[in-house]
Amino acid sequence: MGKVKGKHRLDKYYHLAKEQGYRSRAAWKLIQLDTKYTFLHSSQSVLDLCAAPGGWMQVAVKHVPVGSLVIGVDLDPIRPIRGAIAVQEDITTPKCRSTIKKLMAENGCRAFDLVLHDGSPNVGGAWAKEATSQNSLVIDSVKLAIEFLAPKGTFITKIFRSQDYNAVLYCLRQFFEKVEVAKPLASRSASAEIYIIGFKYKAPSKIDPRLLDVKHLFQGGQEPPKVIDVLGATKQKRHRDGYEDGATVLRKVCSVADFVWSDNPVNILGSFTSMSFDDPACLPIRDHALTTEEVKALCDDLRVLAKQDFKYLLKWRMQIRKALSPEKIKTPTTVVESESKEDGDEDEDEDEDERVLDEMEEKTNSLEKKQKKEKKLQAKRRAKEKARKALGIQVDATEDGYGDQDLFSLTSIKGKKDLLAVDNSEYDKETTEVSDESDEESQDHSSSDLDSEDEHRRHDEKIEALFDDAYERYLGRVEGKTKQRKRSKQAYLKDGELQDGNDDGMMTHSAPDSDSDKEDNEVNPLVVPLEDAPAQEEIVKKWFTQDIFAEAEEHDVLDKYDSEDEMQIDGGAKKTQKSKELTNDKQQGETKGLMRKTNGCLQVSASKTDDDFEIVPAPATDSDSSSDDESDDDIDTKAEILATAKMMLRKRPREEMIDDAYNRYMFHDDGLPKWFIDEEQRHYQPVKPVTKEEIAAMKSQFKAIDARPAKKVAEAKARKKRAAHRKLEKFKKKANSISDQTEISEGSKRKMIEQLYRKAATTKKPEREYVVAKKGVQVKVGKGKVLVDPRMKADARKHGMKKKQQQGKGKKGNQKGKGSGKASAAGNKGKRGK
Ligand SMILES: C[S@@+](CC[C@H](N)C(=O)[O-])C[C@H]1O[C@@H](n2cnc3c(N)ncnc32)[C@H](O)[C@@H]1O
């Protein structure tokens with residue numbers, strides 16, 4: 001159903017939406033509808049049904065009066081929009097209704113001034129099914145609109161042109177004083193969608209429930225069948241009304257005689273699908289020589305005929321009428337006519353025919369003329385635009401589009417005389433030309449029938465041209481910015497050279513006597529000398545004074561450059577490269593900015609000096625000294641970065657984030673008034689892609705990570721635990737086997753178990769065996785074996801021997817001590833005994 005895929009999806013409205021920071025290209029549809037009908041500026045409360053991703057909500061917030069209430073509802077979640085409330089609900093459910101009511105009560109809103117509906121169910125491309133469910137979704141939105149709209153409120157809904165279309169129109173006409181149908185230019189022509197706007201809600205006290213019953217509404221034919229204006233000469237809507245109910249299945253046949261003898265043949269051609277020759281009254285017509293096979297074939301299927309074919313049939317009708325009128329064929333439908341005109345003369349009939357034909361000719365001619373003129377105008381516009389592009393001139397959307405570039409060139413005005421000439425004649429000439437043109441146009445307009453459809457079309461064309469221009473400018477900015485700068489610089493330099501040349505020439509004229517000389521020497525009083533052309537370095541410096549570089553560059557530069565000298569030599573070139581990258585990708589810049597913040601200790605600021613860049617360490621402030629604050633900041637920033645990064649792992653949020661990065665804030669406009677810059681700094685806070693909760697969750701993850709022990713410690717602990725567990729198991733086994741023994745007494749059993757427990761409780765270090773690897777011999781290590789070099793082994797042996805000796809001495813000493821102790825004790829005993 002006209003779903004556009006691939007590259008074609010990314011048309012100019014897509015890019016313009018990105019540029020303006022709108023979340024969907026659909027935003028332009030609402031903008032265009034509002035330009036045409038202006039309903040937003042007077043709406044203090046807006047309910048946007050099926051609002052995700054939020055393009056319409058953004059437009060609404062921007063255009064409604066300050067402090068207005070904007071609520072958006074969708075099945076899908078809508079990322080927060082400042083100044084609007086987003087709700088995730090299904091608009092077909094009662095829960096949605098109660099949620100809206102609750103929000104209204106909370107915000108002191110009794111009814112909405114405007115209800116929008118741009119919903120489209122996704123049923124997987126089955127056109128018929130999609131159209132039906134779309135139109136029943138429309139009725140659901142109508143139900144909500146009826147419930148929540150304020151009297152005289154406005155309702156806008158999207159609908160697909162299908163057989164139910166007229167039913168929806170009929171339904172809305174019962175609720176609104178005025179109902180308009182529009183297809184904004186941003187809506188793809190391939191799409192069957194169209195927008196219905198209901199103005200001035202009647203707020204009826206009683207509503208016929210059948211009006212909101214999809215089954216009833218989409219089955220009954222409420223409106224009389226339509227008559228199509230086959231010649232397209234009268235006010236014809238461009239197939240906006242879709243097919244009349246059942247028109248695709250019903251074949252409506254009338255007799256050729258009816259057509260030939262009818263007063264209103266054009267109406268017949270528009271009302272029937274075919275004309276038959278079967279009626280006996282048609283026999284003379286069928287058998288007449290004028291009725292060729294071609295005429296018969298044309299009569300067979302009227303729905304496929306082009307305008308020329310209808311004209312052909314009408315001409316044939318006149319001829320056949322002339323040819324058959326003497327016979328005065330009477331058919332059921334011609335009875336009235338023939339009776340009333342029986343006595344009427346032939347001439348009158350002929351005159352009437354001629355008049356109708358002339359009228360039709362006139363109408364078709366004027367239509368063709370109009371179309372040709374439009375085509376011509378468009379071709380002219382395209383050619384001009386091409387020429388301008390080739391010249392590298394940016395087209396202003398409001399520009400009038402004159403081809404003569406010299407007209408606006410101040411350099412072509414050489415002196416006061418020229419200026420006067422421009423004042424008196426040139427301008428007059430131009431204006432007369434222009435006014436001539438516009439006169440002609442207005443005459444044309446007055447001569448042609450200026451119906452509202454025409455006005456709409458012209459309005460549409462103007463808007464389209466404006467959008468085209470805006471898009472061109474956007475492309476110019478995105479792609480050709482550098483090229484254009486180069487070109488203008490070259491032109492500038494060239495001008496400078498020429499100017500120099502002229503100066504030289506002027507110097508050689510010693511006596512500017514003659515008039516011509518005077519004229520040559522005269523300068524245009526409107527041309528005021530500009531400041532000297534900035535040098536390349538100055539341009540580069542100026543470029544880097546932009547905030548974005550102050551934020552993102554320093555840290556990178558520090559990483560890359562060890563010394564200030566290197567920085568001074570290379571800084572310009574490297575920065576130019578860097579600037580390109582950053583301009584191309586604002587997000588990258590933002591991320592770097594964040595990274596810079598995390599690296600608080602490396603804070604430096606690059607300031608511009610007369611010679612080159614200079615790195616000045618940032619003075620330590622009070623806040624710097626407080627390490628706690630800093631680490632808190634660090635954690636906050638880290639958490640934010642990681643939460644953002646986590647979101648970017650998923651495709652959709654990533655794409656949305658990238659999309660959001662393309663907005664009007666990515667361009668650094670020069671020459672903005674100071675008050676504007678101040679206000680922007682004060683009030684414009686970028687909406688972060690992550691919520692506070694997500695950042696908090698990330699921070700708590702950090703805490704959990706910090707609380708975890710180091711891996712090695714954890715491993716050692718686990719090993720110990722395993723060993724203890726094994727020991728315990730062993731102990732339990734042995735203890736069980738002891739207690740199972742029957743021949744031992746309970747007391748000795750307990751003693752044995754206690755002994756076993758003591759043994760198990762004392763940890764014995766495994767003895768290590770030092771092994772020296774001999775050359776060419778592979779030694780198995782592990783299980784207490786440690787590979788050492790011979791020296792170490794010798795040392796260890798020596799050390800071990802010394803230790804043993806010491807131990808031995810110690811034991812002997814102890815024994816001595818003990819013995820002497822005993823001896824002395826015995827001596828003491830002996831002494832006491834004596
Ligand atoms: C074309 S989009 C709307 C675009 C929106 N106007 C904008 O400017 O961003 C259609 C939306 O209708 C929503 N939708 C479809 N059926 C819905 C329902 N029953 N309840 C709520 N939303 C629904 C879809 O989730 C989808 O987001």
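Using N, Cα and C of the backbone, Cβ positions are placed for all residues, glycine too.
Over in TrEMBL, the protein carries these features:
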type: BINDING; residues: GLY54, TRP56, ASP74, ASP90, ASP118; note: S-adenosyl-L-methionine binding site
type: COMPBIAS; residues: 340-361; note: compositional bias 'Acidic residues'
type: COMPBIAS; residues: 362-371; note: compositional bias 'Basic and acidic residues'
type: COMPBIAS; residues: 372-381; note: compositional bias 'Basic residues'
type: COMPBIAS; residues: 419-432; note: compositional bias 'Basic and acidic residues'
type: COMPBIAS; residues: 433-442; note: compositional bias 'Acidic residues'
type: COMPBIAS; residues: 443-463; note: compositional bias 'Basic and acidic residues'
type: COMPBIAS; residues: 578-589; note: compositional bias 'Basic and acidic residues'
type: COMPBIAS; residues: 625-635; note: compositional bias 'Acidic residues'
type: COMPBIAS; residues: 718-735; note: compositional bias 'Basic residues'
type: COMPBIAS; residues: 736-745; note: compositional bias 'Polar residues'
type: COMPBIAS; residues: 786-798; note: compositional bias 'Basic and acidic residues'
type: COMPBIAS; residues: 799-815; note: compositional bias 'Basic residues'
type: DOMAIN; residues: 22-201; note: domain 'Ribosomal RNA methyltransferase FtsJ'
type: DOMAIN; residues: 234-388; note: domain 'DUF3381'
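Taking the features listed in TrEMBL, we show where each one sits on the structure.
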| residue | record | contacts (Cβ under 8 Å, 6+ apart) |
| --- | --- | --- |
| GLY54 | S-adenosyl-L-methionine binding site | ARG23, SER24, GLY72, ILE78, ARG79, ILE81, ALA84, ALA86 |
| TRP56 | S-adenosyl-L-methionine binding site | SER24, ALA26, ALA27, LEU30, ASP48, GLY72, LEU116, ASP118 |
| ASP74 | S-adenosyl-L-methionine binding site | CYS50, ALA51, ALA52, ALA86, VAL87, GLN88, GLU89 |
| ASP90 | S-adenosyl-L-methionine binding site | LEU75, CYS96 |
Translate the DSSP assignment of ASP90 (S-adenosyl-L-methionine binding site) into the three-state scheme.
coil
Roughly where does the domain 'DUF3381' (234-388) sit in mean pLDDT, to the nearest integer?
71
Which residue counts does DSSP give the compositional bias 'Polar residues' (736-745) for helix, strand and coil?
5 helix, 0 strand, 5 coil
How many neighbouring Cβ atoms, not counting its own, are there within 10 Å of the Cβ of ASP118 (S-adenosyl-L-methionine binding site)?
22
Contact set, same chain, for the compositional bias 'Basic residues' (718-735): CB under 8 Å, 6 or more residues outside the stretch:
753, 756-757, 760
DSSP-assigned states of the compositional bias 'Basic residues' (372-381) in counts, ordered helix, strand, coil
10 helix, 0 strand, 0 coil
Determine, from DSSP, whether ASP74 (S-adenosyl-L-methionine binding site) sits in helix, strand or coil.
strand
For GLY54 (S-adenosyl-L-methionine binding site), which of the three DSSP-derived states applies: helix, strand, or coil?
coil
Among the S-adenosyl-L-methionine-binding set GLY54, TRP56, ASP74, ASP90, ASP118, as the record gives it, the longest Cα-Cα distance in Å
18
Secondary-structure category, per DSSP, in which ASP118 (S-adenosyl-L-methionine binding site) falls
coil
